[in-house]
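Written below as structure tokens is the structure these notes are about.
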Protein chains: 2
Amino acid sequence: MLYLVGLGLADETDITVKGLEVVKRAERVYLEAYTSILLVSKEKLEAFYGRPVIEADRELVETGSDEILAGADKADVAFLVVGDPFGATTHTDLVLRAREMGIESKVIPNASIMSGIGCTGLQLYNFGQTVSMVFFTENWKPTSYYDRVKENVQLGLHTLVLLDIKVKEQSYENMARGRRIFEPPRYMTVAQCASQMLETEEERKEGVFGPDSLAVGAARVGGPDQKLVVGTLKELSEVDMGPPLHSLVLLGRKAHDLERLYIREFAVDKATFDASWNKGYGATS
Amino acid sequence: MLYLVGLGLADETDITVKGLEVVKRAERVYLEAYTSILLVSKEKLEAFYGRPVIEADRELVETGSDEILAGADKADVAFLVVGDPFGATTHTDLVLRAREMGIESKVIPNASIMSGIGCTGLQLYNFGQTVSMVFFTENWKPTSYYDRVKENVQLGLHTLVLLDIKVKEQSYENMARGRRIFEPPRYMTVAQCASQMLETEEERKEGVFGPDSLAVGAARVGGPDQKLVVGTLKELSEVDMGPPLHSLVLLGRKAHDLERLYIREFAVDKATFDASWNKGYGATS
């Protein structure tokens, strides 16, 4: 049996009791370690589980799935995923591959940022499509996310923006020369995301959002030092929210008063918050 | 401290290790028992936790929050919520009330149906707004959900439909006479939901969906007997998916091939699935 086990969002104790039982009795345990991270190290997980864990990087998962699945028709193999196994990142291809090989699979769900973002006090019912923001480079500033945000904005809905992480990335030079030397990991911050959004708006000029648009920055959701900051995109582009992981929610126009009441507490500046709110939010249709 | 602890979706072992620690040491433990249910009884939870649990019905939560929060400035009170505390149902009002009283609160996230529905193999990125379906009565068949589904359909997105549950409801007569006699609990089935959707379409005639529209029925997500069934709304209106809880996803036109591959396995009838798919799904824009 292949078990896909969600680890939740913050630390080793966010695994479910059911998930922990699976991890303890499985023959091999893999940790998916490239689409998201916990706030604790692999060593801490191993100490908590009382057993070794095999780190599964993108290469292993995407090209070495047969290695992961080897023997899973007879013994139990656990594949650990930060958040929920079918949350922000889906591992449907691994399950499909298992199905082809006649191996059963089972999912142990857990909190995902897609639902955990409810900690902002924003109603999950009022969210439209979730989008991802990648690190812009000099020559590559993809704006396809902007079209989907536009669709949400036109409907008055909130948009959850998931922020890029770069783990085990190679420089072009090292890749070209086949050297397995990796760059230090990078995690996009709320400030970087807000800046990139304003940069896109500058370029596209369709008025989807602007410096006065309200957004919520969330850092280390579910962790002991979870932090929420509410402000305009201009304000958030200058905010320091500390260590990763960060996410951002662009507030929809149809945000209602209970949501306002909840998030105002976290405003960088309550005066600019109130001014921006009164200009464009709280519409009932 | 007020702890809002998510219980996850299925049974007593879906609580996180962190959540279980809170439950064991809290002074009082409440179980929110009217917006969702686990697949196990309160007694089973109490046996697993090794302590009594106070059932919190709608009346207590909505009008007796001061009773729940009493003493929470000094001792720990745990408020258990099926799924995630800020998932499908938000308990922001309880947190706001605590804030007013100077009581800190902390959320222990868990799987919510809003992310757990990823078990269908449908990408959470491709979902639009989530809607709720209530039990229609002779004289009350609200169709406001239809407008939101329409918005999703126009964008080619999936729609998660959460199905009504009726717990501790009184008949009009008993309510009028002030008798605390409650009707047996009712949980909407996938078949009832699909039928009501077709009834709404019959009435509104805006072509948002029809008998041939594809949908996924999900029952007991995360449980040992989780069941997925894929079919047209017509097919699903006749399907028996067993005990609660059920949810339904109306498939969006932009569903892609990996999603098709994943869900086809669960089709009531692969021929009608293929026919419906080829007629209207898999569009790339």
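From the backbone N, Cα and C atoms, a Cβ is placed for every residue, glycine too.
Cross-referencing B:Leu7, B:Leu9, B:Leu20 against the S-adenosyl-L-methionine binding annotation in Swiss-Prot, which names B:Asp84, B:Gly87, B:Ser112, B:Ile113, B:Leu163, B:Val221, B:His246, picks out B:Leu9. Listed binding-site residues: B:Ile113, B:Leu163, B:His246. The one with the lowest count of other Cβ atoms within 10 Å of its Cβ is B:Leu163. In sequence order, the binding-site residues near chain A (CB to CB under 8 A) are B:Asp84, out of B:Asp84, B:Leu163, B:His246.
A C-beta separation below 8 Å, combined with a sequence spacing of at least six in one chain, links B:Gly87 (S-adenosyl-L-methionine binding site) to B:Gly6, B:Val81, B:Ser112, B:Ile113, B:Met114, B:Ser115.
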